[in-house]
């Protein structure tokens, strides 16, 4: 006679009376599921933990459309002088083609994180790719010297799409990946954004050479815009067809607990207020903004700083930007793997922050030596640590704020980065105009030093790690309550109530 409880056969759930004998064991299964664990709670229901192979496709698809969007952040700035000539505008106006990405993020991040909480990952992905696709096609129509306002509108649409993208890596990692791989998955999500910036540094100087014939220049610009629009359209179609909201079953015990929280018990406003009362997280918001804001300023003004010392080297300016980001991508992946293995969030974050400060100083004092190979070397070292810091900040933030929504914590971190990015870009640009590149880079170095000191004061209270450890201990040591469900508050269980 069937007991009415599920069991696992080749990764699928079927009826079987022997399921209770499986309750305490991990099972390696075939098919899409890689690892399964059953956990029983007090009302005699079961909670299944799974890892799905398709999680890698989801994070790679996200990385791809993040790449397409971030490419457009820097595609104007890295050939600043060429777009100045084509549209007949000032250098500072072209700087705003990058800074609009930062400015748009600030007012829209809170509505977007609310939408993420209410509608989930798939809706956010659809809106992001739709806006990005629309922006690219608007730019296609703007390739005339008198249509700068149209190209700005297209860039605004792409910047709005970015709001739906930047905070998602940690959310996707938590929803789809196991506790031993969330940092690596987050790094892969950030990796796409960094790769897009790298391609944005590399391709525009190649696709749009500095020619005097305005018709030929318009042709080259239109080729770049058409390529971007084609890629954005393909990615939008892929997201519509295959992007999935979440796996059928949670990947970790922490996620299992989070899914058991009734929606009516969650308040977005209360979540924001709790985050703003979390002192370690507030310090992280400040330090993350200082570091990433410096990176935004360096990237936006790279063409100007390189051309000042090496006239006519637009192509090498793009290659130096590529070097910064590629080195940062390597740093991101190494840091993600290191965090998954060691869980030393504060120590790793502090070490990388300090090395970003040192790298900025070395870059500042070697930029004017007259040797491009030295600039490539020092810029690569700077990028390894400064860009490598991005996923560290995301994952440290999730650890400090669990069980709050990952999209909300990441959104606040990115909001800080956009604010400082605008401030640093404008200030460094003015300093470069009046005092030179050395003074501008020292200006950024001062704030990286301040950020390093403040990082040392962040209390390393890793809430997500504690939740996973408690759930694992409950699974191994209790007969009645297993795994994450043992942490859920129930009226008939005084001990559980005291834990909550």
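Glycine is treated like the rest: Cβ placed from N, Cα and C.
The transmembrane segment annotation in TrEMBL falls on one of the ranges 350-366, 469-485, namely 350-366. Transmembrane segment is the annotation TrEMBL gives to one range among 182-203, 248-269, and that range is 182-203. Of the candidate ranges 281-299, 300-318, TrEMBL annotates residues 281-299 with the feature transmembrane segment. In this chain, the transmembrane segment (182-203) touches the transmembrane segment (319-338); three or more CB pairs sit within less than 8 A of each other, excluding pairs fewer than 6 residues apart. Listed by sequence, the residues of this chain that lie at least six past the ends of the transmembrane segment (281-299) yet keep a Cβ under 8 A from its Cβ atoms are 74, 77, 98, 102, 197, 201, 275, 321, 324, 353, 356, 360, 382, 386-387, 389-390, 393, 396-397, 400-401, 409, 412-414, 416-421, 423-425, 428, 444, 447-448, 450-451, 454-455, 457-458. Averaged over the domain 'Major facilitator superfamily (MFS) profile' (58-463), the predicted model has a pLDDT of 87. Below 8 A, the CB atoms of the transmembrane segment (350-366) and the transmembrane segment (96-116) form no more than two pairs separated by six or more positions in the chain, fewer than 3 in all. Remark: the transmembrane segment (223-243) makes no contact with the transmembrane segment (438-458), by the rule of 3 or more CB pairs under 8 A. By the Cβ criterion (distance under 8 Å, sequence gap of 6 or more), the transmembrane segment (123-141) is counted as touching the transmembrane segment (56-76), at least 3 such pairs being found.
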